[in-house]
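First up is the structure itself, then whatever we jot down about it.
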Amino acid sequence: NSSEERPSFVLATIPGPEAAQSWLALLLCCAYILALTGNCAVLLVVRLEPSLHAPMYFFLCMLAAIDLALSTSTVPRVLSFYWFGTREISFGACLVQMFLIHTLSAIESTVLLAMAVDRYVAICHPLRHAAILTNAATAKIGLAAMARGVLFFLPLPLLLLPLPFCGSRVLSHSFCLHQDVMNLACANTTPSVVYGLTAILLVMGVDAVLICLSYILILKAVLRLGAWKERLKVFSTCIAHICVVLAFYVPLIGLSVVHRFGKDLAPLVHITMGHIYILVPSVLNPIIYGVRTKQIQRRIL
């Protein structure tokens, strides 16, 4: 039966009275508008300000575009079932949304790594920075990040495509994630489990290790400087990037821990962690760089 092979899934919603759900929908809508406004402002400012046409700000534009795509692929669908009660999502739409979420997250992780390398070259090899990170090299890094995300995470929906779903079809989040959908299958999911874990480790895991290594080398270079004021001035150029890295990886780790060890937790915890994972980076990234970058501040004003 084709309807059994291609079921629709039911998105999770917070338990409680309708008034609480309405307030949550309003909060999500405000956060989404803030994410749209902030990231579009970053893209516009960098586009209009010639002094910002540098690799660091091109990477920031990539982050803004990724955050726009990630939030737009999830939040409007979430708001539609809070406002209109359409909690069902078709099998195909669920797989597409799952692919977009994981692929865009992988691309963002790669861009964060590229930004860490940019900071390392700027601090440890300042004379070679312009020669190493040219505009052409930045564009190639962006294309490589996209290709890497697609190649690693395209197999995830393909592995779920032939699986039968004959039990519960209620997801634990308000959008589709690989592990969440996979747990609803009534068949052997070992290949999907192994590949999903491998992809996460080879992309986000490797990126996190290399980002940490970059900052270890940066700290060594900074500590070799003479005065403390000079050390703080140089290291302060990395503060915004460190905050953005934390805004991305902390919700990612928290969501992974909830999936792995939080099977007995209340549904509200899973739903809340999912919303934090999707919206926190999208909302905070433009705010962090807007506060830390005087050129962006002046141009916005």
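Using N, Cα and C of the backbone, Cβ positions are placed for all residues, glycine too.
Here's what TrEMBL has on this protein:
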- 20-45: transmembrane segment (TRANSMEM)
- 38-289: domain 'G-protein coupled receptors family 1 profile' (DOMAIN)
- 57-83: transmembrane segment (TRANSMEM)
- 89-117: transmembrane segment (TRANSMEM)
- 193-218: transmembrane segment (TRANSMEM)
- 239-262: transmembrane segment (TRANSMEM)
- 268-291: transmembrane segment (TRANSMEM)
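Between the transmembrane segment (20-45) and the transmembrane segment (268-291) there are at least 3 Cβ pairs closer than 8 Å, counting only pairs 6 or more residues apart in sequence, which means the two stretches are in contact.
Using a Cβ-Cβ cut-off under 8 Å and counting only residues 6 or more beyond its ends in the same chain, the transmembrane segment (193-218) has close neighbours at 102, 105-106, 109-110, 112-113, 116-117, 119-120, 123-124, 148-149, 152-153, 155-156, 159, 178-179, 182, 235, 238, 242, 245, 249, 252, 256. Across the domain 'G-protein coupled receptors family 1 profile' (38-289), the prediction's mean pLDDT works out to 90. Here the transmembrane segment (268-291) has Cβ contacts under 8 Å with residues 12-15, 28, 31-32, 34-35, 38-39, 41-42, 60, 63-64, 67-68, 70-71, 74-75, 78, 101, 108, 172-175, 177, 240, 243-244, 247-248, 251-252, 254-255, 258, 262, 297, 300 of the same chain, all six or more residues outside its ends.
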